[in-house]
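Novice: Starting off with a structure, shown below.
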């Protein structure tokens with residue numbers, strides 16, 4: 001396994017849209033690297049493939065206290081959403097910056113697990129927020145795009161100062 005470099009704004013590769021994975025077996029090593037990279041961070045609870053420069057549609061999430069229960073989702077899609085929730089978010093691609101973001105309170109996501117089995121997740125807790133955040137990355141969006149232009153500029157300045 002390898003720890004991959006996490007891209008930070010304003011890297012244009014973060015704006016690329018992920019493509020559906022057709023051969024899950026071929027990306028097993030990459031999935032391991034993505035998990036290892038997430039665990040290598042101090043406080044990362046999720047990571048999308050596009051954050052490390054890949055266009056394979058894969059996200060990994062681990063909300064466990066022990067950070068040893070990774071959830072791997074290949075080709076995830078939000079198929080239902082409802083409600084509204086405002087909460088503070090941060091991002092490994094925007095180090096040193098947090099802001100309040102409006103998200104859907106409840107989501108239903110379909111995906112494949114790392115063995116290629118179809119799964120469905122319906123949630124209205126913190127996982128719903130993390131799923132939306134990571135799936136946004138697969139669509140070429142970072143969380144600050146949900147904010148005003150002024151707040152986006154502040155985030156960019158903080159990242160440049162942090163670097």
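Cβ atoms are placed via backbone N, Cα and C, with glycine included.
Sharing the record's features from Swiss-Prot:
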ACT_SITE  134  active site
BINDING   91, 133, 137  Fe cation binding site
Novice: Can you tell me whether DSSP puts residue 137 (Fe cation binding site) in helix, strand or coil?
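Specialist: Helix, per DSSP.
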Novice: Neighbour count, 10 Å Cβ-Cβ cut-off, for residue 133 (Fe cation binding site): what number do you get?
Specialist: 23
Novice: Can you tell me the CA-to-CA distance separating residue 134 (active site) and residue 91 (Fe cation binding site), as a whole number of Å?
Specialist: 10
Novice: Using the Cβ centroid of 91, 133, 137 as the reference point for the Fe cation site, which residues of the same chain not in that list have Cβ within 8 Å?
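Specialist: Filtered neighbour residues, in order: 46, 48, 51, 89, 92, 93, 134, 136, 142, 143.
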